[in-house]
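Undergrad: Below you will find the structure I want to go over with you.
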Amino acid sequence: MTGLLYALLSLGTFALLAGIVLAVAQKVFYVEGDPMVDKIDALLPQTQCGQCGYPGCKPYATAVASEGEEVNHCVPGGERTMLAIADLMGVEPKAVEQEAAAPMLAFVREDECIGCTLCIKACPVDAIIGAPKQYHTVLADHCTGCELCVEPCPVDCIDMLVKPELIEHWSWPLPETRRSRLGHERREHHAGHA
Amino acid sequence: MPAMLRNLAQRLGMMAHSFDGGIHPSDHKLGAGLHSEPCPLSPVHILPMKMHIGEACLPLVAVGDRVLRGQKIARSEGYVSVPVHASTSGRVVRIEEYAIPHPSGMGMPSIIIESDGDDASDDSLEPITDWRNTDPALLRERARMCGLAGLGGAVFPTFIKLVQDSRFPIETVVLNGIECEPWLTTDHRLMLEYADEILTGLAIIMHMVNTDSAIIAIEDNKSDAAEAIEQALALRDDLEGARVVLLPTRYPQGSEKQLIYSLTGREVPAGKLPMHIGMLCQNVATARALYRAVVRAEPLTERLVTVSGDAMPRPANLHVRIGTPMRYVFAQQGLTDFEDVRILHGGPMMGELLRHPDVPVVKSTNGMLAMLEASFMGGHTQEQACIRCGHCSEACPAGLVPNLLADQCRSDQFEKAESYDLFDCIECGACSYVCPSNIPLVHYFRYGKGQIAQQRREKSFAEASRLRSEAREMRIERENQARAARRSSVRKTHAPAAESTAKTDAAGDSAADKTDEGSKD
């Protein structure tokens with residue numbers, strides 16, 4: 001009888017201690033938000049363009065992480081982003097439906113701008129400056145090319161231009177040998193079916 | 001000799017230090033015996049807004065302006081930059097994008113000057129003959145003002161290196177007269193013909209970084225140059241701490257980190273600069289340019305260029321004005337037909353293949369080579385499988401494993417390539433040179449480095465965009481809260497007559513919203 005009592009007591013004490021440790025750990029190591037969301041968000045190109053059907057990159061990341069949304073909806077991110085997210089989530093990669101266009105840049109034709117500030121409000125990354133009844137202009141260094149400013153403009157004075165290629169950003173292409181091309185293609189093929 | 005034995009012998013001082021790897025390409029130094037001569041003045045000069053590593057310059061002149069030789073025509077933007085000077089007197093005829101010597105074949109905004117033939121100089125700059133008693137900071141400003149950039153080929157702004165930093169005091173100045181690239185003979189000729197100017201330049205450098213020890217490093221295939229320097233050195237009494245060191249001829253001996261190791265047995269850590277181990281490297285041509293800038297008040301408007309190659313009728317070492325079209329320089333030496341000729345900017349190992357000769361001579365132009373199509377390394381288009389012979393690893397002066405790195409770069413495994421120290425590659429091309437399978441190894445590394453750089457750029461752009469978008473959302477949130485607070489306070493003041501004022505209240509609110517938004521923008 002006492003043997004049973006000892007066993008109950010010691011196990012009970014142990015369980016109590018473990019419970020306290022767990023309770024404390026839960027408070028001390030509490031993680032705010034879903035870490036997966038941030039990880040996916042970090043892989044997205046942050047254009048905030050909404051082409052995925054969500055109002056920005058973070059909402060799409062949240063949907064992928066917790067609502068089981070497909071990984072292939074990010075258009076500007078292209079295949080590389082899709083593969084990275086699929087790899088992170090541990091799901092099958094899916095083909096990207098829409099080809100990513102060349103990087104674009106919004107440009108305000110200033111003499112036609114009426115200074116309505118509508119594009120300024122639409123810009124998700126605060127890349128347009130101006131004041132009411134003053135010309136607006138796009139900060140080329142910050143524009144993500146999301147096109148969200150084009151539609152609200154009442155006088156259609158915003159053009160989307162292809163981002164000029166800078167000589168500083170030029171990089172060497174893959175050497176033009178048959179072998180290098182084959183090797184590269186094989187790798188891409190494998191990556192697609194990883 | 002096994003590497004371990006060699007290492008031990010070097011440590012015990014029984015054997016001179018020498019960097020690992022390296023190759024012995026045949027040197028083809030056709031111009032070594034040719035006295036340097038001035039290149040005739042070209043009718044036009046094209047001056048790109050960036051001829052150095054760093055930020056581009058902004059033009060200070062307008063179309064139609066008259067300029068003098070040595071006049072500053074573009075000011076530098078940012079710290080890592082040096083201004084651009086007119087290389088002869090004349091008139092600015094255009095400011096537009098012009099092709100520059102770059103593997104991309106792309107252009108750069110350039111100032112195009114039509115020379116008037118007078119070649120009148122701008123002499124607003126005062127010579128500093130008493131540089132020994134001049135504040136190094138002033139000399140440093142002079143080096144920047146005169147547009148000096150490393151003339152060995154890397155064109156890093158010279159003034160940045162010429163600094164006294166109390167954290168990293170410079171113990172030894174290394175004057176680089178190695179010139180290990182085949183074909184090139186500019187440093188060789190400079191040492192033979194301008195030994196005294198080079199040594200004065202060295203003395204100025206030593207004064208600027210406050211050291212009295214210097215090594216002038218020369219490869220043993222240029223023993224006549226070493227003799228010339230020794231003789232000039234013997235005649236001077238101000239350079240007692242300087243000595244000439246003759247090193248065995250081996251490519252890439254002239255690479256900064258390899259050279260320092262050969263001279264001192266000390267390695268510059270990865271990602272660090274020679275100054276972090278108390279060394280300063282300058283090319284002999286840069287030392288001479290510094291002498292000219294300080295003592296003769298001449299901005300950098302001219303440099304010695306080796307014009308050579310197996311398709312070149314008359315090889316030469318020419319003093320060419322910066323901005324002279326290469327087609328004009330080639331024509332002076334009898335080359336006008338560019339069919340079946342490939343043009344290289346710089347040496348054959350690290351130089352760039354140019355698409356056409358309609359580019360200007362820039363500060364980094366140490367050589368212009370016209371090579372016959374037939375003798376050009378066309379073999380690289382027939383890349384074969386790696387046979388794991390290991391020659392590339394033996395040749396690599398940075399101690400990397402090129403065949404592995406090439407595999408990783410070819411298949412876009414960039415993280416892996418980085419962990420195998422892709423960025424320690426100096427792109428010397430020794431691995432490609434020895435590869436029996438014709439694998440263009442160094443091109444794979446350039447591709448890999450470029451892709452990684454682009455990914456980093458995209459990443460940092462995405463991060464900046466994310467921060468901006470978050471800041472915007474927070475601001476909108478704040479504004480909404482402020483609006484809501486105002487609305488509720490308005491309601492409270494009108495509380496007794498809430499029913500009747502509800503309509504005007506809403507109108508007042510929307511008006512308040514409008515002014516609020518207006519002030520925000």
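For all residues, glycine too, the Cβ spot is worked out from N, Cα and C.
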Undergrad: Need one residue: from A:C123, A:C157, the one TrEMBL lists with A:C143, A:C146, A:C149 for [4Fe-4S] cluster 3.
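TA: For the [4Fe-4S] cluster 3 site that includes A:C143, A:C146, A:C149, TrEMBL also lists A:C123.
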Undergrad: Other than A:C123, A:C143, A:C146, A:C149 themselves, what residues in this chain have Cβ atoms within 8 Å of the centroid of the [4Fe-4S] cluster 3 site's Cβ atoms?
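TA: What remains near the Cβ centre is A:A106, A:C119, A:A122, A:P124, A:V125, A:A127, A:I128, A:V138, A:T144, A:G145, A:E147, A:L148.
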Undergrad: Between the Cα atoms of A:C146 ([4Fe-4S] cluster 3 binding site) and A:C57 ([4Fe-4S] cluster 1 binding site), find the distance and write it as a whole number of Å.
TA: 12
Undergrad: Considering only CB atoms and a limit under 8 Å, which binding-site residues from A:C49, A:C57, A:C116, A:C149, A:C153 lie near chain B?
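TA: Going by the Cβ criterion (under 8 Å to chain B), the qualifying binding-site residues are A:C57.
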Undergrad: Which one of these binding-site residues, A:C52, A:C116, A:C143, has the sparsest Cβ neighbourhood, judged by other Cβ atoms within 10 angstroms?
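TA: Among the binding-site residues A:C52, A:C116, A:C143, the lowest count of other Cβ atoms within 10 Å belongs to A:C116.
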Undergrad: Long-range same-chain neighbours of A:C49 ([4Fe-4S] cluster 1 binding site), Cβ under 8 Å, sequence gap at least 6?
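TA: Counting only residues 6 or more apart in sequence, the Cβ neighbours of A:C49 ([4Fe-4S] cluster 1 binding site) under 8 Å are A:V75, A:P76, A:P124, A:T144, A:G145, A:C146, A:E147, A:L148.
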Undergrad: Which one is it: of the binding-site residues A:C57, A:C74, A:C143, whose Cα lies the shortest distance from the Cα of A:C153 ([4Fe-4S] cluster 2 binding site)?
TA: A:C143
Undergrad: Write out the long-range same-chain contacts of A:C123 ([4Fe-4S] cluster 3 binding site), meaning residues 6 or more apart in sequence whose Cβ is under 8 Å from its Cβ.
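TA: Counting only residues 6 or more apart in sequence, the Cβ neighbours of A:C123 ([4Fe-4S] cluster 3 binding site) under 8 Å are A:L148, A:C149.
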Undergrad: Of the binding-site residues A:C52, A:C57, A:C74, A:C143, which one sits closest to A:C116 ([4Fe-4S] cluster 2 binding site) when you measure Cα to Cα?
TA: A:C143
